[in-house]
Amino acid sequence: MKSDSSSSSSLNSRIRLRNNHGVGLSSQDWPPFSRHRYSALSSQEDYRSEESEEFGPVFLQEPDDAIFSLDSDDKKVIMNCEARGNPVPTYSWLINGTIVDPGGDFRYSLIDGNLIIHNASEAIDYGRYQCRAENSIGSVLSRDALLQFAYLGAFSGRTRGAVSVREGQGVVLMCAPPPHSPEIIYSWVFNELPSFVAEDSRRFISQETGHLYISKVQPSDVGSYVCQVKNTVTNARVLSPPTPLTLKTDGVMGEYEPKIEAHFPQTVLAAKGITVRLECFALGNPVPTITWRKMSGNIPKKARLRKSQAVLEIPNIQLEDSGSYECKAENTRGGTAFRGHLQVYTLPQWISMINDTQLDSGEQLRWECRATGKPRPTYRWLRNGEPLNSQSRVEMVNGELIIHRLQQTDSGMYQCIAENKYGAIYSSAELKILASAPMFSTNPVRLIATVGKDVSLECRPRASPKPRISWRKSDRRVQPSRRIMLLRNNTLRIINSSRSDEGSYVCRAENQFGSAELTTMLLVKEPMRVELNPVRVEVTVGESVVLSCKVTHDPSLDVSFLWLLNNQPLNTQQEGGHFEYIQTQSSTADLMIRSILLKHAGKYGCHAQTSADSVLAEAELLVRGPPGPPGVVIVEEITDTTATLSWSHGVDNHSPITTYNVQARSPVSLGWQTVKTDPEPVTGNMESAMAVELNPWVEYEFRVVATNGIGTGDPSTPSRAVRTKEAVPSVAPANVRGGNGRRHELVISWEVGLHSACTMDSLLILLLNAEPREPPSEVQAFAISSSEIKVIWKPPNPGPGRPQAYEVSFWKDMEQEEMGKKKRTTGNETTLLLTGLEGNTQYLISVKGFNSAGQGPASSPIKISTKKNAPSLPPGNLMWIQEGNNVSLSWDPVKARDNESEVIGYKVLLRQEGRGHSQVMRTPNSAVVLTLPEGGTYIIEVRAVSEGGEGAASAQVRVLTSSGVRAKSGQLSVQNLPPGLTWTALFLSLMVPCFPL
């Protein structure tokens, strides 16, 4: 809603949202200030009893388009309508703009707002219906709803003559459907039920005309044809008389160029969002091939070709799909084309709607509604269900309504209608013109101010129209001065108030409907003073302190206290007993802080307040304690026995740091230990030191702890773990001895000194060679495909006879191990891929290690089955559409046999002729869009992909691309291929450039 400055300044103007589409709103959808007006109640009576405010009708349900079956046993039609309002609305109905009189026609009755039509008939009751809801506020009209009737008549019983044509000639068999409503579906029966005509590239049934088209008649087509139609609403079916089709005996029809017999209209109108189907079919010998293109741009990717490319189907049509489309029919004798225009329209949709409004009489109303649509919508306005016309005070331009100098008679229900030739939408709102004498909600008012402060005396009456305001004090009119001002909102403001300003002030408001007065008693008091002691205090952790707050104020006023810490209210209940309020008298309040912690430091405030004034006094509390943790420790440099460390100072908590203690932790230490440093000690002004006398080749973490005169603080965050460098052993191994070994082995043992700096990495171990003693462990196998299994294992435990490589044995479940095969690794890797296996077969697998001394024991055999074989059938019925360098390719899905793996996707291989390298695209669907570079001949083939591997390849498709040249579309069928020479001939024909398909 738009309003001028006068209406926006009205104190009583407000907006109430309503449902502008006539659909019920849930309570969560309503704004807070109006939700109570639409609360869901069990009945209109309950609603009215709980709702005192009157408002106009609001639609909860509007009538919808309906199709009524004349075959229905119940000859009763119900058109629904429900509205809410206070008072409860009454209802009436219009048919094609004429009022329905239930009293004058026994066939009509009203139940609540619903219209019941008895013994409905198409001749009388077909048309557009509107519901009118009305109460004392006004009336509104619903959107219109179209009532149609579904029926299907019978075919004429007249015998149809035989149609005789030559073999090779095209023919069209007419359906001539009976009267019907709404749409019907066509099919044709060949000879007798249930033998239906199967549509293919040679035969086509138009769902627009119902005719059966046969592009090239064959002897197998001779017979009797019956057209069957089905009503889409009632599902009723009827059959036409048979039409015999015979062959003439005077010869065979020679080849001739295509002739398009079935095509879409030259102009196709479609609503946005629906599915559009464009038909195109031609007669010809040889059978013509149909291709499609869009004259400006590409055919939408979402489009699909149906019925051997005779139907172009575009789902979810959008505005950008509009344009000229062309279908082309070609055979070896020539070609022909048809071109038509697809135009997409949209119903109106709201951008902005009108809302309920209350204005004062004399003000100006400005409402605006806006909608989108194609064609662009026009607008008209209704008041109480009747057309609103322009007049001296009323302007209507492009969805904008302006009414000047509002009057009481302008109140009522208004509707903005946005419409184009495809539909209309309604937005409804209520206009209330207010008229009331001034009234004050509270009277009198007592106001207390402080000497020297400004004070405001408000005057806000409820009145319509806006009243005139005047002020007086002690029966004398208040005159504005340098210190006393009358603001635009009628507030009286006194600057730098004094005791002389005390007294009784009267605001008088009046309009043509009456007057009212508001009395304000003004008292001016001396300002309050607050002292908080001590203003600054320093304490040590664990000590206690008392802050005392003393107030000087007017004794006639009560004072209240609020304590703050760092500008936040202090909650003693959440501070663990550290704080206690102590109020010894009405003007004094103390705060006791016991066993002080570091977190209690900060700015404390005593906020004192009376009904006239409020004052805040503040004090600072400093708490001394042990230092906080130093900053993160960084290892700058590491050697075999030293580490250079740095850190940053932490907080000293108001007591200077005296020393730092450096600590270290390693896997061989008992927790954190203090280490020697250089220099020693580390004083409080230092931020680096060197840790010394560390052990070589040991992993360390470091941290730092600060100490001041009060105590030792928390440690820093540990550094990252670092390892000291390795060093030459300083102590030789001791007590070297041997023996106690098994056959073919010698065990040598010794002792290492504590500071020898030796590990398993740096000791020289001498072992005599021996064959592996243990089998590999945790052997697992995974079927990769129908011919591959992956085997993995873990090596034996470390010890004498470590394997240098492994041998995997595998054999079929029904065979002996000796009949199986073996495969070795090239080194000591612990995984191997077995290939060349049979599909859907169970194998046993074992693994053993070997080295130069011999073979070790084998692991226990495990069982694993290869996956089922890949599908043997190639993808068939390849179809493609080429638009420039874009090729839309589709094929029939491959269905796996029972002994084959299920298809999980497809692999599309694309290569340029003369090159061995192929580009590969994977897709889970049976269609893909390829983009080819310009200039060249490309070969495309498709394979099904399954867990068992890749299936057989489809027939190859050759596509020629060059700048400005479009390749043809086509179709390949590779189902039921003949073997041997026939297949070779077909394959060669597909590979020949420009061979007609």
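Each Cβ is built from the backbone N, Cα and C atoms, and glycine gets one as well.
The feature domain 'Ig-like' is assigned by TrEMBL to 57-142 (among others). Residues of the domain 'Ig-like' (57-142) grouped by DSSP class, helix first, strand second and coil last, total 4 helix, 46 strand, 36 coil.
If you look up TrEMBL, you'll see 165-240 (among others) marked as domain 'Ig-like'. Counting residues of the domain 'Ig-like' (165-240) by DSSP class, helix then strand then coil, yields 3 helix, 34 strand, 39 coil.
Summarising the annotation, TrEMBL assigns domain 'Ig-like' to 258-343 (among others).
Residues or ranges marked as domain 'Ig-like' by TrEMBL: 348-432 (among others).
As annotated by TrEMBL, domain 'Ig-like' applies to 438-519 (among others).
Annotation source TrEMBL lists domain 'Ig-like' at 527-622 (among others).
Residues or ranges marked as domain 'Fibronectin type-III' in TrEMBL: 629-727 (among others). Per-residue confidence over the domain 'Fibronectin type-III' (629-727) averages out at a pLDDT of 93.
Listed by sequence, the residues of this chain that lie at least six past the ends of the region 'Disordered' (711-736) yet keep a Cβ under 8 A from its Cβ atoms are 625-635, 638-641, 643, 645, 647, 650, 653, 661, 663, 665, 672, 694-705, 748-758, 762-763. What TrEMBL lists as region 'Disordered' is 711-736.
Annotation source TrEMBL lists domain 'Fibronectin type-III' at 775-869 (among others). Remark: secondary structure over the domain 'Fibronectin type-III' (775-869) totals 3 helix, 49 strand, 43 coil, with classes taken from DSSP.
What TrEMBL lists as domain 'Fibronectin type-III' is 874-964 (among others).
Put simply, of 57-142, 438-519, 775-869, the stretch with the most CB pairs closer than 8 A to the domain 'Ig-like' (348-432) is 57-142.
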